[in-house]
2 protein chains.
Amino acid sequence: METVSIRTSTNQYDVVVGNGLIEQISNFLPKDYSNILVISDETVYEQYGERIKNGLGNRKIAHSIVPAGEASKNINNYYKLLTNALNQELDRKALIIALGGGMIGDLAGFVASTYMRGIDFIQVPTTILAHDSSVGGKVAINHEKGKNMIGSFYPPTAVIYDINTLRTLPQREIRSGYAEIMKHGLISSHSFFEECLNTDLTNTLSDQTLKDQLVKGIKVKADIVQRDEKESNIRKFLNFGHTLGHAIEAEAGYGNMTHGEAVAIGMLFALQLSETIYHKPMPFDSLYEWMKRNKYPVHVKGFEMSRLIKRMKMDKKAENANIQMVLLQDIGKPSVYTIDDNVLLTQLKKFAEKVG
Amino acid sequence: METVSIRTSTNQYDVVVGNGLIEQISNFLPKDYSNILVISDETVYEQYGERIKNGLGNRKIAHSIVPAGEASKNINNYYKLLTNALNQELDRKALIIALGGGMIGDLAGFVASTYMRGIDFIQVPTTILAHDSSVGGKVAINHEKGKNMIGSFYPPTAVIYDINTLRTLPQREIRSGYAEIMKHGLISSHSFFEECLNTDLTNTLSDQTLKDQLVKGIKVKADIVQRDEKESNIRKFLNFGHTLGHAIEAEAGYGNMTHGEAVAIGMLFALQLSETIYHKPMPFDSLYEWMKRNKYPVHVKGFEMSRLIKRMKMDKKAENANIQMVLLQDIGKPSVYTIDDNVLLTQLKKFAEKVG
């Protein structure tokens, strides 16, 4: 078991990573909550619902379940969950537990951040991807006009990460989550990046490897969000691979390509661009080979480049006409670069020629 | 013109009080915003919409209008306003201006607090009541199961209080708002309380008197919220008169009695209770006479006492079975008191006998 402590502008919380934590969750609650609402999705609750209830022991516990999938992160489920919380008589000293992946963490976290102006919530992530989303205090729901358009900065009270839940993840989920670990490698250090490159996702990862790399990834993220919680400057580095990634994800249609698969393509493109802009050799080929070896989809020929650029402009990080992208001056040295539309189009075409 | 500076856990903002500020609002914007959304209600926008647009000068300005009245503070308008903000292409550096009374401040503030995880908003209050609600960073919408159940702590970027807007307020609105000034008097000092008692609301208040008393009220509130932004302890003092007040307001049916009128009755009852509990003479008769002189409704005989108690228990400040009320150990010395249901019932009956 390992603990990473994260200090924010308003409080401090622990991310605990280990095996079998759900069954002993009572030991990790920072307070003696009397009334608890577990928010989860159908798939996850079926697997872990009883276990977490047993782990919580003799408290007043209720649960609210939404359908699995990103589409559940909407205003209707948000309001329904608030209504359930009121029906369960949750008061200001109650607790919400988000049991699931990033979608559940975002949705339940936004409910917690606005229920009676904010009550405690604990993240219990059940995917690799959620090592990223559960840390850093960003919570949100989607608007039909854009992802995560409605939300808050609201740090959790704790993150309890039981890596036993990762054993049953489907291969696509592993790929999706591992792309964010790779991102944390690329923006932090040569050694962490090399370690990621040497990881073979087609074989089962050992608990030790998985725990080590998750903790490393969490520390990279923690270090950044502690220095820039509200994304005024360096937190933007965490968007490495995401500007093109979000555009690809949306163009493919949510669900057709996973978040991490789209981000991986975005990172590969960012490496090409970094090399062009900063005239510094980048490990484009190594990442490309690693992605193919681990069965990431790499082709972009199905996408219309002008539509991708339009999507990138709609991304809320584009604060004015020009698109901002995170590039690497070197491995571990990210920087924000404002790119001209024509340069971007030329580079995207070149990228499409390379990867097909 | 007078300025009160308020320091919060996350930032600092100015409350500027003066005449004709709407026309010169550009001078009070802390930044050069390029895209502004003015949120207002039909009645207020008709009076001040053009003026504020002229005051803002050559910027990209849009407006979203909701019907006047507390009923507009709901989830549907919340989502509509977010949609309008997206349609107007507000980005993270845009500004929302809340032009109106407490309802507009709460609603527009909650939109600002959650739009793209929070953008700047400026309160431009147009009622006396809003001297209270515009300061302190509480924003919210109502749930059908309770008032202000969905919201955030989100301080404004500035409060620009043009007291010219108060000249055309109807008598009921003046009474409603002045009750909160009286509250600030009662919980802060003998001298401020005496000054309030000497104020005659049936005649037009001079600009000077109004400005002085508003600034005094704002300073009382500012002093408290600076020391306890998230209502962990002393911020509860601001609920003086509100536990019974909220219950009466809800039982009467929203709109049938104004917020301040209901709070005034709540304060009068709290004085009776304070005298009983702390064995200290309280100015019950002086407040009672002042209320009657200024045409506040004082009767409670129309209400069923057990229903009022039930409402008081539903109030989100009641964190467990027993009701907590703010009482006065002396004028200017508030304290939180947990009261037994039977004592409360007896006292309410005694109160009803006195005031009818």
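In case you wondered, yes, glycine gets a Cβ from its N, Cα and C as well.
Site annotation for Zn(2+) in TrEMBL covers B:Glu180, B:His259, and the matching candidate from B:His242, B:His279 is B:His242. If you compare Cα positions, B:His259 (Zn(2+) binding site) sits closest to B:Lys147 out of the binding-site residues B:Lys138, B:Lys147, B:Thr165, B:Leu166, B:Thr168. Across the range of the domain '3-dehydroquinate synthase C-terminal' (B:177-318), the DSSP-based residue counts are 96 helix, 2 strand, 44 coil. Under 8 angstroms separates no C-beta among the binding-site residues B:Leu166, B:Arg167, B:Thr168, B:His242 from a C-beta of chain A. Least crowded of the binding-site residues (B:Lys147, B:Arg167, B:His242, B:His259), judged by neighbouring Cβ atoms within 10 Å of its own Cβ: B:Arg167.
Other Cβ atoms within 10 Å of the Cβ of B:Thr126 (NAD(+) binding site) number 29 in total over all chains. For the binding-site residues listed here (B:Thr127, B:Thr165, B:Thr168), the lowest count of other CB atoms within 10 A around the CB belongs to B:Thr168.
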